[in-house]
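Below is one structure, written out as structure tokens; comments come after it.
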Amino acid sequence: MASTLITNIGELVTNDPEAADDGRGLLGIVEQAALVIDGSTVAWVGRAADAPDADQLVDAGGRAVLPGFVDSHSHLVFAGDRAAEFAARMAGTPYAAGGIRTTVAATRAATDEQLTSHVARLVEEMRRQGTTTVEIKSGYGLTVHDEARSLAVARQFTEETTFLGAHVVPDGDPGEYVDLVTGPMLDAAREHARWIDVFCERGAFDADQARAILDAGAAAGLRGRLHANQLTYGEGVRLAAELGLVAVDHCTYLADEDVAALRDSGTIATLLPGVEFSTRQPYPDARRLLDAGVRVALASDCNPGSCFTSSIPLCIALAVREMGMTPAEAVHAATYRGAQALDRDGQHGIGALVPGRRADLAVLDAPSHVHLAYRPGVPLVRQTWVAGRPL
């Protein structure tokens, strides 16, 4: 298989886990750099002057190169949109339509082909903005058949599929619905999913219901995730820490004991600033979490209701401007920490440009990663590579 040398890289963000020990800082930056790709993996990284020969040569033109973004939280399998709801929210006027239930109805009415085409467009949109790995949830079907087919659609685009039958409590008996989620729905979904998720929030699923659903998922071989503490203080974050979940998402309203639980458990707090941007709600306090020693990831939460953006560069800019993160912390959170939030940061994983990792990368039309926050709204991703191939 042909090897490729990408040289004349002005700034190479490696996310080398050993970088902090040798003085290269959080991002493991190498200046005037090069990297060699062999097949789908990174084979060599270092100074351009020391680069070995390869079969093909690519000149980066002094641009910055960084690991592809890892979007560990999205809801891409849906039909229709809720633009009227967004416009009403921005105008501060009441909106009487059905919210998430509008999306559920449209998704159930769509064909598999329509859903697949829609997800393909969104994934391509993400790729153009540097995202190389995306997690995709179900959650707009809420029947045995529609949850299973939503996951089957998602599986065409990613291995990181998440069963979110516990997205909203339908009309009727909540206990009966939990039984449905943990029984027939889980049985139908498990073959298409790697993860199971619950929206643990006041007005949705409480901590006891979330625990029951996550326990059932674990018994079926699915790893647990959790939406928690988005709308108010609650038990969800502490439940995630108690269960040792790899990540818990939103984390907007946190008591001191929530922060301590995240720190002590090692559970990653995945922050979703696009939601707060799109809903005019308070942003999570990333600075507080980082200073407490909590691991923080960033993701898009791309969905038709609370956050219809697929742009990780926008999320990075918001995290820096509104949540107290440095540009380096935000880039690290959207790459390496995102990989950790999907438990994909191992020797042959993603989220870093070091030998043995998958060659997923973004080439910026800028000399430094700082420009992602410095120039918000500018399409800075010049080219995206996935598994060693340029798109």
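The backbone N, Cα and C atoms fix where each Cβ goes, and this holds for glycine too.
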* **Zn(2+) binding, same site as His73, His75, Asp301 - Swiss-Prot member from His145, His227** => His227
* Which single residue out of His167, His192, His348 does Swiss-Prot record at the 4-imidazolone-5-propanoate site shared with Arg82, Tyr140, Gln230, Ser306? -> His167
* Asked: So which binding-site residues are near Asn303 (N-formimidoyl-L-glutamate binding site), with CA atoms within 10 Å, out of His75, His167, His227?
  -> His75
* Looking at the binding-site residues His75, His227, Gly305, whose Cα is closest in space to that of Arg82 (4-imidazolone-5-propanoate binding site)? -> Gly305
* **Candidate with sparsest Cβ neighbourhood (10 Å radius) among His75, Arg82, His227, the listed binding-site residues** => Arg82
* To do: Using DSSP reduced to three states, classify His227 (Fe(3+) binding site) as helix, strand or coil.
  => strand
* Provide, as an integer number of angstrom, the distance between the C-alpha atoms of His227 (Fe(3+) binding site) and His167 (4-imidazolone-5-propanoate binding site). => 9
